[in-house]
Amino acid sequence: MRAPGHAAIRWLFWMPLVCSVAMEQLQRDPTLDYHWDLWKKTHEKEYKDKNEEEVRRLIWEKNLKFIMIHNLEYSMGMHTYQVGMNDMGDMTNEEILCRMGALRIPRQSPKTVTFRSYSNRTLPDTVDWREKGCVTEVKYQGSCGACWAFSAVGALEGQLKLKTGKLISLSAQNLVDCSNEEKYGNKGCGGGYMTEAFQYIIDNGGIEADASYPYKATDEKCHYNSKNRAATCSRYIQLPFGDEDALKEAVATKGPVSVGIDASHSSFFFYKSGVYDDPSCTGNVNHGVLVVGYGTLDGKDYWLVKNSWGLNFGDQGYIRMARNNKNHCGIASYCSYPEI
């Protein structure tokens, strides 16, 4: 049997989306016409035909309603964070996660804990590696499940700065294209895992900079050039499963740390400010991000997390996630960092 073409695949994806939206909301709100047009212009949205725009409009209205209700509840003290509309407003949760969250935990994830903790060590109350120049600018992964690659290079960028004094954006595309061999288990835009990316860099003898191997948001043939090597990795360190104290110590004493989180909720997609604490967030991680610090805001402990969804996400690309809250969203479950 011949495999379905792109048109058939698009149809199979599109029809359930249309039906789902139609069942929930049959008619758009004409009082929002101006704001819809303004939002489209702001985020440069274009649709192939009126039918697609109608469906996207209904999804946008549903998300807008969620945002308005949440912020009303926030004003009444029911939440510790605010949400706001962004460029993902015309997408369903399933679409966003399918395109942008593709963390693939190895079936037999190593259980060996290599992080050495010093329980008597005094740690600072607040850490922000951005202030020490160890964090590059926020990236945008686009419609490619390369979250794991951006998380991995982010951790290595911090180590490179601490080791050499140079802050260099490393190539996520290098990992997308070249660490997809069977022995690593990564699938490029189809997902991957940070420690497998670190292992590739170790085996390969290095990784290029983004300047010489730029991000394309698609799977391409590996064309790594050792002459352009920008960083190396000697080994990687894994933290104890679910141990927030160990994560705090690692972030405070070692640098930015790669982690996995559950990022499957509207509250996460549209986060804007405050400390993200959603009771529906689970320990089933599906998205790779980078912890670059921690602190306390209005009496609530948080992890400072760098995402790879561009500056329109969250607080200029960052989110503060609840800390010391029963491993909220699984943030301390799969943590690692590289060493040079």
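Just so it is clear, glycine is given a Cβ too, placed from its N, Cα and C backbone atoms.
Fair warning: this is a prediction, and the values are worked out from it, not measured in the lab.
According to Swiss-Prot, the protein has these features:
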type	residues	note
SIGNAL	1-17	signal peptide
CARBOHYD	N120	N-linked glycosylation site
DISULFID	C134-C233	disulfide bond
DISULFID	C144-C189	disulfide bond
ACT_SITE	C147	active site
DISULFID	C178-C222	disulfide bond
DISULFID	C281-C329	disulfide bond
ACT_SITE	H287	active site
ACT_SITE	N307	active site
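Secondary structure from DSSP puts H287 (active site) in a beta strand. In this structure the alpha carbons, written CA, of C329 (disulfide bond) and N307 (active site) are 14 Å apart. Residue density at C222 (disulfide bond): 17 other Cβ atoms are found within 10 A of its Cβ, drawing on all protein chains shown.
Using a 10 Å Cα-Cα cut-off around C147 (active site), the recorded positions N120, C178, C189 reduce to C189. When the C-alpha distances from C134 (disulfide bond) to the recorded positions C144, C281, N307 are tabulated, the minimum falls on N307. Within 10 Å of the Cβ of the residue listed as 'N-linked glycosylation site' there are 5 other Cβ atoms, across all protein chains. The C-beta environment of C281 (disulfide bond), restricted to residues of the same chain at least 6 apart in sequence and closer than 8 Å, consists of D262, H265, S267, F268, H328, C329. In sequence order, V138, V289, F313, G314, G317, Y318, I319 are the residues of the chain that are 6 or more apart from N307 (active site) and have a CB within less than 8 Å of its CB. Take the Cα of C233 (disulfide bond) and measure to each of the recorded positions C144, C178, C222, H287: the nearest one is C178. Cβ neighbour density within 10 Å is lowest for C189 among the disulfide-bonded residues C189, C329.
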